[in-house]
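Asks: Sharing a structure here in C-alpha cells format.
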Amino acid sequence: MEKRAVVLYSGGLDSTTCLAMAKADGFAPYAMSFSYGQRHGFELEVAKANARPLGAVEHLVVDFDLRRMGGSALTDDISVPKEGVGSDIPVTYVPARNTIFLSFALGWAEVLGAFDIYIGVNSLDYSGYPDCRPEFVSAFEALANLATKSGVEGQGHFSIRTPLINMTKAEIIKAGVALGVDYSWTHSCYDPESDGTSCGRCDSCRLRLKGFAEAGLVDPLTYSGR
C-alpha cells in the first residue's frame, strides 16, 4: 500500500514547497484546500489549477464560510495593512484558522489511512500568528492521537509535519528550488488586484519579496505596487 500523507495546500509559496517535500519524503500526497470566504480567492484558483500537475494524487477543496463569524481582514471588509510587517498579531489573523484546517485534514487522513499531515507553518518569517508556533503544533498532534479511533486503537501515530517551521523564507525558497518547484505556479498576496496581480505591499507579499531577495533569486510574479 502506498504511504499516504495529507498536505494542506493553499496555492501559496509555503504550502507548495510542503507538497514538494512530501513527495520527496516518499509520500503519495493528498492535497486539501479550503474555500472559507477568503477575500484573496485567487490563491485558491491557483491551487485548483496546479495541485494535480504538482503531484497530488487527489485534491479536495472543502467549502465553509468564516465570513459569517468575521474577525479578520482576510474575510471581512477591513483594510489589509500595507505599511510593513509588524510584531503584533495582525488584523489578517483568522480566528482559529489552522485549528480548523488541521481538524479537516485529520478527518480526511483517518479516512485515507494516512498518519502524516503536512502544514507549511513557519515560526521565523511569520506575521505573529499564534497558530504557527511549535507549541500549537505539538498540542494539536497530541489531540489528534487522543481524538481519533485510529489513534486510540493504536493503528498508528498521527504526526503533524512542519518542515518549514524553523526556516527563513529564503531557506524555504532555496529548498523548493532544489526540489524543482516553479514558484510562478504560486500566489501569496492577501489583497490582489481583480486579475490576480499581487499588491507587493501586504505582509505576505513583503515576506515573499524579502525571501527571494535574500535567496539571491528573482520572484517570477509581477506586482502592481512595484
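From the backbone N, Cα and C atoms, a Cβ is placed for every residue, glycine too.
So Swiss-Prot lists the following for this protein:
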BINDING   TYR9, SER10, GLY11, GLY12, LEU13, ASP14, SER15, THR16, THR17, CYS18, LEU19  ATP binding site
BINDING   CYS189, CYS199, CYS202, CYS205  Zn(2+) binding site
Asks: Rank aside, I only need the closest one: which of the binding-site residues TYR9, GLY11, LEU13, SER15, THR17 has its C-alpha nearest to that of CYS202 (Zn(2+) binding site)?
Replies: LEU13
Asks: LEU13 (ATP binding site) has how many other Cβ neighbours within 10 Å of its own Cβ?
Replies: 27
Asks: Could you tell me which of these binding-site residues, CYS199, CYS205, has the fewest other Cβ atoms within 10 Å of its Cβ?
Replies: CYS199
Asks: Report the residues of the chain - excluding TYR9, SER10, GLY11, GLY12, LEU13, ASP14, SER15, THR16, THR17, CYS18, LEU19 - with C-beta within 8 Å of the mean position of the site's C-beta atoms, for the recorded ATP site, in sequence order.
Replies: GLY120, THR186
Asks: Which of the binding-site residues listed here (GLY11, SER15, LEU19) have a Cα atom within 10 Å of the Cα of CYS205 (Zn(2+) binding site)?
Replies: none
Asks: When you measure from the Cβ of THR17 (ATP binding site), which residues in the chain that are at least 6 apart have a Cβ under 8 Å away?
Replies: GLY120, LEU164, ILE172, ILE173, ALA175, GLY176, LEU179, VAL181
Asks: Round to the nearest Å and give the CA-to-CA distance linking CYS199 (Zn(2+) binding site) with GLY11 (ATP binding site).
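Replies: Answer for this pair: 17 Å between alpha carbons.
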Asks: For CYS189 (Zn(2+) binding site), what is the secondary structure state per DSSP, taken as helix, strand or coil?
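Replies: The residue in question, CYS189 (Zn(2+) binding site), is coil (DSSP, three-state).
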Asks: Long-range same-chain neighbours of LEU19 (ATP binding site), Cβ under 8 Å, sequence gap at least 6?
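Replies: For LEU19 (ATP binding site), the qualifying residues are VAL7, TYR9, PRO29, ALA31, ALA51, LEU54, GLY55, ALA56, TYR118.
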Asks: Can you tell me how many other Cβ atoms are located within 10 Å of the Cβ belonging to CYS189 (Zn(2+) binding site)?
Replies: 26
Asks: Write out the long-range same-chain contacts of GLY11 (ATP binding site), meaning residues 6 or more apart in sequence whose Cβ is under 8 Å from its Cβ.
Replies: SER33, GLU43, LEU44, GLU45, VAL46, ALA47, LYS48, ASN50, THR186, HIS187
Asks: Cα-Cα separation of SER15 (ATP binding site) and CYS189 (Zn(2+) binding site), in Å?
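Replies: Approximately 14 Å lies between the Cα of SER15 (ATP binding site) and that of CYS189 (Zn(2+) binding site).
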